[in-house]
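Colleague: The active site, nucleophile feature in TrEMBL is assigned to S151. According to TrEMBL, the feature active site maps to D309, H338. Taken from TrEMBL, the feature domain 'AB hydrolase-1' applies to 86-325.
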Amino acid sequence: EKFPKVLENSEKFPTILTCEPTEEGTYDFPLVATKLEFGEYLENAWVRYAIHGEMNKEKSNIILLLTSFDATHRDVTYHIWPGGTLDPTKFCVIVINHLGNGESYSPSHSPPWSSHPRYPRCVSPFDQARVISLLLDSLGIEKVQLAYGYSMGAIHSLHLAASDPERIRRVAGICGGVRACPTNKVFLESLRHCIFASEGWDDKSYWFSPSSHKSLSAMRKAFARIYAGWGVSSEFYETAEYEKIGYESLEDFSIQSYEAGFQTGDMNNLLAQIDTWRSADLSRGFEGSLADALGSMRCPVLLMPCTTDKYFLAEEIKDVCQSLSHGIYRPINSSWGHRAGDPWRETQEHQANLIRESVNDFLQVDSKV
């Protein structure tokens with residue numbers, strides 16, 4: 001009863017409209033005006049999603065895959081294959097792009113000079129969850145067999161289960177948790193201030209507009225180098241694990257594995273996603289009570305942190321799991337750190353197999369929802 005009070009929809013505008021197909025086979029769910037947790041409105045926005053597999057007549061075979069930071073529906077298809085982590089021959093897998101990722105409504109769609117309403121300063125995980133619930137309403141989906149997410153996708157999956165407990169039957173959170181802990185916030189603040197300190201940042205409009213390609217490239221490199229210090233474990237670097245997977249040196253790994261990944265990213269979209277991530281705190285929707293928040297989740301929850309993750313600490317995830325009515329804790333023992341939960345690389349077969357087997361076993365767990 002507590003959560004909907006801060007996320008009520010505007011009574012002035014409709015929020016459930018017809019989902020329109022796009023040219024590439026995805027669908028856009030339009031949101032005319034939706035009130036957000038911190039008082040702003042999301043206006044003339046949309047959520048883009050993709051569907052893999054067929055929805056059965058009863059709409060009872062639904063799995064949600066929620067995207068992670070700087071990822072889109074295209075980046076997560078490695079999970080979806082017959083016999084894979086998410087099997088499209090058994091389930092209808094709906095991949096939902098979170099707001100701010102460049103596919104769903106994002107700052108890049110509403111720059112300061114456009115006539116379109118500006119993207120809100122912060123779209124919280126509760127807001128992301130609310131929009132997902134509206135999308136499911138529009139599709140007539142009353143039950144979801146599994147909400148799956150890695151990293152920020154795990155945050156959104158857990159917020160969704162807490163805010164829509166009658167609909168979500170299971171949650172699998174991979175290398176993600178219920179909040180941005182202090183250590184995590186230190187990392188996120190370093191990324192924010194990398195952008196704020198860059199040439200082209202305007203604090204008044206909360207907008208980054210580089211004066212040259214050179215300045216943009218330099219800022220992206222600095223952003224990526226911060227990421228490189230956090231994404232994998234200290235053990236990964238100290239034992240030169242990067243050499244075992246084909247990189248010539250530490251510098252080669254930093255350039256090829258991190259700098260290359262951010263050389264095309266829209267920095268305003270990245271900032272919006274950082275602001276979403278850093279606002280994560282499940283207890284906030286329950287008057288500051290994490291116990292009440294966790295108690296609101298009626299479904300089984302599988303949590304799979306990496307033992308060396310620097311963002312979402314395994315001990316904290318274990319404590320959360322023990323506080324759930326039906327929590328299953330299955331850590332990933334790996335030097336890959338946070339990246340262990342995103343095992344698309346050729347040398348990550350162990351992590352990929354563990355996640356696939358764990359999720360498939362978890363789908364057999366009975367749910368009372």
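Cβ from N, Cα, C; glycine included.
TrEMBL entries are annotated by machine, without manual review.
On this model, are these features tucked inside or out on the surface, and what's nearby?
Modeller: Sequence-distant neighbours of S151 (active site, nucleophile) (same chain, 6+ apart, CB under 8 A from its CB) are S68, F69, I174, C175, G176, Y311, F312, H338, G341, D342.
For the recorded site, D309 (active site), the DSSP three-state label reads coil. For D309 (active site), other Cβ atoms within 10 Å of its Cβ number 28.
The Cβ of H338 (active site) has 24 neighbouring Cβ atoms from other residues within 10 Å, across all protein chains displayed.
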